[in-house]
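Asks: Found this in Swiss-Prot, in case it helps:
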BINDING   Cys118, Cys120, Cys128  Zn(2+) binding site
ACT_SITE  Lys193  active site, schiff-base intermediate with substrate
BINDING   Arg203, Arg215  5-aminolevulinate 1 binding site
BINDING   Glu231  Mg(2+) binding site
ACT_SITE  Lys246  active site, schiff-base intermediate with substrate
BINDING   Ser272, Tyr311  5-aminolevulinate 2 binding site
Amino acid sequence: MFKRLRRLRSSENLRAMVRETRLNINDFIAPLFVIESDSGIKNEISSMPGVYQMSIEPLLKECEELVGLGIKAVLLFGIPKHKDATGSHALNKDHIVAKATREIKKRFKDLIVIADLCFCEYTDHGHCGILENASVSNDKTLKILNLQGLILAESGVDILAPSNMMDGNVLSLRKALDKAGYFHTPIMSYSTKFASSYYGPFRDVANSPPSFGDRKSYQMDYANQKEALLESLEDEKQGADILMVKPALAYLDIVKEIRDHTLLPLALYNVSGEYAMLKLAQKHNLINYESVLLETMTCFKRAGADMIISYHAKEVANLLQRN
């Protein structure tokens, strides 16, 4: 006697009834890039079709569209006019993400604003903190990250997302937030962030390629699974409220490993290179794009992700509404 597993696959409705993993619009976070400008700018990025650098007014229109589709959270990255060795723009109370957050909250008070907390977009060298002897100084960078975090919390950001991969960044930020009275501001840590070539197109849109070297001395070696788990569990101990794995597609084993070892919510970042590959395949009619897109997102959830940060968020929301 053998089990006839095909019985439950015989119709679309039956397959839907027994489906174990389901996508929901609430799963998605849309990354947005806000550029400092006095005029209305919306620049499409050639390596990421459908992704834009936007000044505040176009950004607000984009938020309106996202809210209309049911998306409840955005992740903001800032692109300043001025960059210097210490990323001083990020320590200004009127820096671009702080200003954008205040404007978003005036119009869409229920939209969750998550702010990426790093310095690579603000430094002229493209590294994620203060340089010392051609290397990023861990502890000096923690101090300015705390200052940036406090400015963003004051501007109304709902969640802070430190992405710098400095040791101790979550504990340092949590202490600074609590001391300033921001006890209820959650930290979404980029807890397991790999030094990945999948980030290539992001550096086009964020104008943040390193001017020398790479980020392998602080971002993780993609060959290491045990260290990947250790990084996330360490951030949990330090007080992270949400953990993250970045990139996504080639790292689902890491997502599953972390999911099996924590009860915290787990985010997954579907990064620029992954987005660009699907878009290129769509352009050349190599795949059924919509089908592959939904399959990919479903597999992210199946691996254990509770939320998905994706440049496809708006497309997926449209597909889910249609289906």
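Backbone N, Cα and C define each Cβ position, glycine as well.
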Asks: Check each residue in the chain of Tyr311 (5-aminolevulinate 2 binding site) that is at least six apart in sequence and keep those whose C-beta is under 8 Å from its C-beta; list them in sequence order.
Replies: Ala30, Pro31, Met48, Gly50, Val51, Asn270, Ser272, Tyr275
Asks: Report the nearest neighbour of Lys246 (active site, schiff-base intermediate with substrate) in space among the binding-site residues Cys118, Cys120, Glu231, comparing Cα positions.
Replies: Glu231
Asks: So among Cys118, Cys120, Lys193, all listed as recorded positions, which is physically nearest to the residue listed as 'Mg(2+) binding site'? Use the C-alpha atoms.
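Replies: Nearest in space to the residue listed as 'Mg(2+) binding site', counting only the recorded positions, is Lys193.
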Asks: Among the binding-site residues listed here, Cys118, Cys120, whose Cβ has the fewest other Cβ atoms inside 10 Å?
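Replies: Per-residue Cβ counts within 10 Å for the binding-site residues Cys118, Cys120 bottom out at Cys120.
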Asks: Which chain-mates of Lys193 (active site, schiff-base intermediate with substrate) that are at least 6 residues away have a CB under 8 A from its CB, listed by sequence?
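Replies: Set apart from Lys193 (active site, schiff-base intermediate with substrate) by at least 6 residues yet with Cβ under 8 Å, we have Ser163, Met165, Gln219, Met220, Met244, Val245, Lys246.
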Asks: According to DSSP, which of helix, strand or coil covers the residue listed as 'Mg(2+) binding site'?
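Replies: Reduced to three states, the DSSP call for the residue listed as 'Mg(2+) binding site' is helix.
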Asks: What does DSSP assign Cys118 (Zn(2+) binding site), in three states?
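Replies: Reduced to three states, the DSSP call for Cys118 (Zn(2+) binding site) is coil.
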